[in-house]
Amino acid sequence: MAPSHVLRCCQRGLAWIPVIFIALVVCWSYYAYVVELCIYTIPSTGEKIIYLVVFHLSFIMFVWSYWKTIFTRPANPSKEFCLPKAEKEQYEKEERPEAQQEILKRVASSLPLYTRTGAGAIRYCDRCQVIKPDRCHHCSACDMCVLKMDHHCPWVNNCVGFSNYKFFILFLAYSLIYCLFIAATVLQYFIKFWTLCRRKSAENCPKSDLPDSHAKFHVLFLFFVAAMFCISILSLFTYHLWLVGKNRSTIEAFRAPVFRNGPDKNGFSLGFTKNIAQVFGDQKKYWLLPVFTSQGDGLTFPTRLVASDPEQPTVVLHPDTQSKSAEDGSIQQSSPLSESQNRLLDNHVHTNEDQGNALKSVVNTVRIEWQQINGEMQNSSAAVFMLFSIY
């Protein structure tokens, strides 16, 4: 037991190496830009002030969002998704998978679950001994089930999921802005240092007002590092923006969630605007700040298939169990359907009613017009018959 515990501690320590590497690169980039470029290299005072102000704004937002992504604990399923003591003992004693599934179905009948395994079974984590809520997955690196898990990111040494997905998106955005600003402002000095002629006695050698010191090495490497990170972050940021617009996680993009009606990659898609609000919230003034504003509780999510799911119960979780779980720090739910889900369903119901009323009115109008045309045709036929009879 002791060697495995030591190995686990070593693994946790080594997992911080990518984060330490990023921190060292960021600290060096701060020194190279502020000291070597702005203080020692740029001759214009006004240019220095503008560069320093914009740089520090992007630097603060980048570090803030990166910090929140790293140190925000992943959200876990609440106690309502754990098996009761009697069912848990019965589940552990049972050896047949069919009987185990019957136990899980009996417990899950009181929970707001819409997704299943590929075989149509209840999603259960034997490691955490919990019934997995929708979009919840077990992370082997964190050794826990994470609500709305997207992926485990080694550069933040944390699981990206419901509790910190917005922070991760902002971290990518501000890191991209940070690298773009550095690359754009350093470019002209990079070119000057790169083309600086060392043979001062040569003919037509361009004279430079830049200092011939060790600052040029910092400026050269600063541009290369900023451009390299900018290219890599741009592709990742674009991909996650696409996922936000589709309301998918990285796991769901590669493996579609399975509902009772079958797999559907767009099962959680509510439309572009509502998909963005699911991650960033309803109040747009907080969208660019790394503060938690995501909708829902991470346990239930509105889906396109909710209204057509006849097996889904409408059960309210007991308030005493909610208070106990809240003391444990886990994210809770007050009802199987969150407020956003109820609004969505109400909108769907009203939309269906309006469409049904509109269709009925169109049918009645066509029916009345057809009766009028039929009556006119009958009158015309009678008139023609009378004329033929007279002649």
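Each Cβ is built from the backbone N, Cα and C atoms, and glycine gets one as well.
Here the transmembrane segment (15-42) has long-range neighbours at 48, 51-52, 55, 59, 62-63, 66, 70, 141, 154-157, 182, 185-186, 189, 210-211, 213-215, 218-219, 221-222, 225-226, meaning same-chain residues at least 6 beyond its ends whose C-beta is under 8 angstroms from one of its own. For 15-42 (among others), the entry in TrEMBL reads transmembrane segment.
Sequence annotations record features per position, and here TrEMBL assigns transmembrane segment to 49-67 (among others). Away from its own ends, the transmembrane segment (49-67) comes close to residues 22, 26, 30, 33-34, 37-38, 42, 156, 167, 170-171, 173-175, 177-178, 181-182, 185, 288, 290 of its chain (Cβ-Cβ under 8 Å, at least six residues beyond either end).
With DSSP classes pooled into helix, strand and coil, the tally for the domain 'Palmitoyltransferase DHHC' (123-254) is 67 helix, 16 strand, 49 coil. Marked as domain 'Palmitoyltransferase DHHC' by TrEMBL: 123-254.
Residues or ranges marked as transmembrane segment in TrEMBL: 167-191 (among others).
As annotated by TrEMBL, transmembrane segment applies to 217-242 (among others).
What TrEMBL records for 312-341 is region 'Disordered'.
If you look up TrEMBL, you'll see 320-341 marked as compositional bias 'Polar residues'.
Residues 25, 29, 31-33, 36-37, 41, 168-169, 172-173, 175-176, 179-180, 182-183, 186-187, 189-190, 193-194 of the same chain lie 6+ residues outside the transmembrane segment (217-242) yet bring a C-beta within less than 8 angstroms of a C-beta in it.
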